[in-house]
Amino acid sequence: MKTQKPGDRVLAVLRGICSMVAHFAAIAFTAYIFYISSPGSSLFSWHPTLMSLAFSCLMVEAILVFSPESSLFIKASRKTKVRIHWILQTCAVVSGILGFSAIVINKIRNNKEHFKSWHGTFGLITVIYVIVQALFGIFLLYPQAAKKWNWKLMQLKVYHATFGLLGFTLACITVVLSLFSNFVVKSAGVDGFIWGLCFFCPTWCCFIVMNQVTNAYLPITRKSAP
């Protein structure tokens, strides 16, 4: 059995702490958006509520379930983690579609133009991308279906993780852009230190997820390279 060096143990502890901060950031940010949105007070209120639930909480937890340092199900089997992952991701996609529908219907009712801001444009791209990514994820649940195209299971995992990371990054960018919206800055009056914390939360989660995915799959891609 290989003895772990003191420096490696320290790094492992630091990675664990950083990942646990991501859990807290995801939940705290979502809870705060719920608070300032007052879900149910208007049709629009469901947009930030459901979108934050989808992309700032459910999707983060769906990915962190595989974290070797901070998974909330760290002792669960790989099969169980996969099941939890796709359940959370499915809930995230449904929540995202509902939140997206809320803002579209709200704009139609108020005769407002669609996708005129960077937040709206990135939001549209993110929702479409996430839906497509989720559909392709079905191949990992039923890998026998991918054999028709002679795809290997490990190839599918690498592709899913890589494109999933891109989708999550798009989601984080969209969330950050929302912090510059009239709703956050003017209606909710979020500014100063609180605004900075709101900016930190999705940025930190994005950093942690990037680190997790690259550490898990970069060595595999290097081994398979010719």
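The count begins at 1 with the first shown residue.
Cβ from N, Cα, C; glycine included.
TrEMBL does not curate its annotations; it predicts them automatically.
What you see is a predicted model, and the numbers here were worked out from it, not measured in a lab.
What TrEMBL records for 10-220 is domain 'Cytochrome b561'.
Sequence annotations record features per position, and here TrEMBL assigns transmembrane segment to 12-34 (among others).
Taken from TrEMBL, the feature transmembrane segment covers 46-66 (among others). For the transmembrane segment (46-66), the list of distant contacts is 19, 22-23, 26-27, 29-30, 33-34, 36-37, 39-40, 72-73, 81, 84-86, 88-89, 91-93, 95-96, 98-100, 102-103, 106, 123, 126, 164, 168, 171-172, 174-175, 178, 183, 201-202, 205, 208-209, 212-213, 216: same-chain residues at least six beyond its ends, Cβ to Cβ under 8 Å.
Beyond the transmembrane segment (86-105), the same-chain residues lying 6 or more positions past its ends with a Cβ under 8 Å from any Cβ of the stretch are 43-44, 46-51, 53-55, 58-59, 61-62, 65, 114, 123-124, 126-127, 130-131, 134, 137, 141. TrEMBL lists 86-105 (among others) with the feature transmembrane segment.
The annotation transmembrane segment is assigned in TrEMBL to 117-142 (among others). Within the chain carrying the transmembrane segment (117-142), a Cβ under 8 angstroms from the stretch's Cβ atoms is held by residues 51, 55, 82, 86, 89-90, 92-93, 96-97, 100, 103, 151, 153, 156-157, 159-160, 163-164, 166-167, 170-171, 173-174, 177-178, 180-181, all 6 or more beyond its ends.
Annotation comment: TrEMBL describes 163-181 (among others) as transmembrane segment.
Tertiary neighbourhood of the transmembrane segment (193-213): same-chain residues 15, 18-19, 21-22, 25-26, 28-29, 32, 56, 60, 63-64, 66-67, 161-162, 164-165, 168-169, 172, 175-176, 179, 184-185, selected by CB-CB distance under 8 Å and a gap of 6+ residues from either end. Taken from TrEMBL, the feature transmembrane segment applies to 193-213 (among others).
Taken as a whole, the domain 'Cytochrome b561' (10-220) shows an average pLDDT of 93 in this prediction.
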